[in-house]
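What follows is a short report on a single structure.
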């Protein structure tokens, strides 16, 4: 962006001298015209270089190009498929994170030249070759990457077999090219533009420049192109693959007889160049996205749509990582690189499958399998919503089946919620190297090189607690004065003490065991740490390790907060994730391992940072919104109820807070939702079929997610009670139906009892034990043999049985639905203005929770009266998890209500659906639902400051947020 700002200023002064100055300019003239306009607007309105308005002006052309691309996509698609599907594709592209991160967030201009390429190819498809040539020339003038598909245009003109068309197009294209470069040509030699392109194409002599491709997969990211790769240099391999890509595309063009081939061949060439080319940047894959959509529109081959979906995810990850993390070298780099290589190979097999028939057939089967798993099949809720006495078959299975419209809606809801959830989630940097003191040994002092005023000191602690640092100051290194102690009673957080004195030396004397990541000292009101000249260990053999206390000063913070430190139970679960990755004995053993292993995935991706240890939970929170949509659509059969269910989940405070903190409850609830979702699918399929083929898959998946839930937290066992009740009830009803129809029922009943044992005992037990396997590789672990797992379960049980000490925010289960005692997770202590507070409080949306009480009562009443199966399903799921909490002796908190809350939310939707059926009608129900949605949205926004850790005034909290005296958060 800084380049674009500088170029806009320079272009506004003089286009004729733009390329003759010493300014670095590696873009052709096309985009410089746009920057010239922006520069003129900047001068007209007197905007400074760091003005936000200038940033928006620079991003606007690319964003407008995206908007126009969306319109063209819809316009073309609506002529080749149903309007609704065309709209879905357009929305999918418009809301695509890979598109948004490129233009709207980063401000790159790939969207502009891609738009020109698409228009050019469309004109070529319509046999308007001269127009197509003009648009292609414009694309080349914007980005040299347009030259990548120059061979395709050569194929098109050769296929046309018209010399007249060829020379007319060449003359027109050349005229446009010369005309547009003319203002830049004053004082230049005739072929200056050729030198400009050659210099641009010759820059960055590396195998890959953050493009996660074939060379990156084998360690070639930022490797010089002269380096050897499999006997030859990267440069030679690049030319070999270049020739190969052109040859394959030529064969494709000759073999394929349909006119639409120009779109998918163009997509293939760009994909091939990205995967196998040298000097590739991460953004060079961008044109493939819209080209695969056009290929899908014209051919109706779903494989192109699948490629678009896969590349949207991988391209977004690649670009986002480069944008935010620079030259990232973590494990996901190799995974995405491998996916790109596989997609490239699959693309070739798909376009010309005869040569690859065997492999292609296998991939096609796998693709179909994934597709079937991802879509609900032959489900209906019409019968489920009827009284039990009714024997009517459902009129249609389409009501509860997810449509393209449903997928577009739920993805949009998840994207919006995801943006809110990830906003201010936590810092992406934190100290990664540590110094371990040994009881009273390991003292050290720091020298600033000169006397400095020290206002405060901060210290980042590692994975052990219990020690204390005694801090002393000295002017001369001889006489020392104590100024305070810093107690390390928590892990992975910044601690702070005020000093307010001058000194040259600071001595840190450990008392007990401490793990120190970094120490930093700050002057008055300064966020930049004082420069530490040297650090010296008091005992020489610690000198090499003690350097770690000052080696990451760029990560030091003056104001500790939740953004840069752990809070509440993160000190246990985030720590465990770190210990798994570093093969250290696991401190937190009181819960099964799976949730902590999932937390470690985020840490592996983003290092041991607040963003890293909260990443996995936040992603799960986003998926929970989507799963809620699936439940709503499945149970109630209409999109509007699915939307309401997803919005209720997205706008509830407990879901928002509990999935943004590094604990395991979010994973638990997600698995509970999935196990009930698939149990519901099983009940529906069993109702109309006894075939194992149709009914075993959802039963297996329900048992599998039950196993994942138990492997996350024992609370999932209560959900298992509900699953068992539903399973045996449906099984008995089916058995009675078979007996009534004089069919053999005994074999059916025994068969499904055996399958239940396999799905809900053997599979979960296997999953549970397997989650302990990573601990076998850890020296000093409690688990040295698999049979130690049984002993550990006994220790876990005794721990929870004896956890009866009083906590100020513990609460009784009967208080949870009424939201009487929220849990105060975090309180900001530093850097706040007078009268300003910062808190994170686990509390639900009061409107949702209190309306949920009414909805639960109505659901119970209506189910008793009508025996409706949806009501029975929700009540069993709710009470199976809520009632056992009354008999648990250990202290409990509001978050223990989270698994039950999901079904309270669905009861709210149930209430609306029944009121529509009974008396209100569709119009009145829709109006009330909209009003309800607006109210819960306003309530969520109102309470957002205390859910997210944002700052707020005490007066605001007292007047607007403390609806009960028991709500303590200031």
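The backbone N, Cα and C atoms fix where each Cβ goes, and this holds for glycine too.
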*Please find, within the list 545-566, 567-588, 589-610, 611-632, the residue stretch that TrEMBL describes as transmembrane segment.*
611-632
*In TrEMBL, which of 3-27, 28-52, 53-77 is labelled transmembrane segment?*
53-77
*Pick from 188-205, 206-223, 260-277, 278-295: which stretch is listed in TrEMBL under transmembrane segment?*
260-277
*Taking 407-426, 427-446, 447-466 as the choices, which stretch does TrEMBL tie to transmembrane segment?*
407-426
*Spell out yes or no: are there three or more C-beta pairs under 8 angstroms between the transmembrane segment (98-122) and the transmembrane segment (840-861), with each pair 6 or more apart in sequence?*
no
_Reported mean pLDDT - the domain 'ArnT-like N-terminal' (561-775)_ = 88
*Long-range neighbours of the transmembrane segment (53-77), counting only residues six or more past its ends (CB under 8 A)*: 1, 4-5, 8, 34-35, 38, 41-42, 45, 47, 85-87, 89-90, 93-94, 99, 102-104, 107-112, 114-115, 118-119, 122, 290, 293-294, 297
*Under an 8 Å Cβ to Cβ limit, what residues of the same chain, 6 or more beyond the ends of the transmembrane segment (165-184), are close to it?*
15-16, 18-19, 29-30, 32-33, 129-130, 132-134, 136-138, 140-141, 157, 193
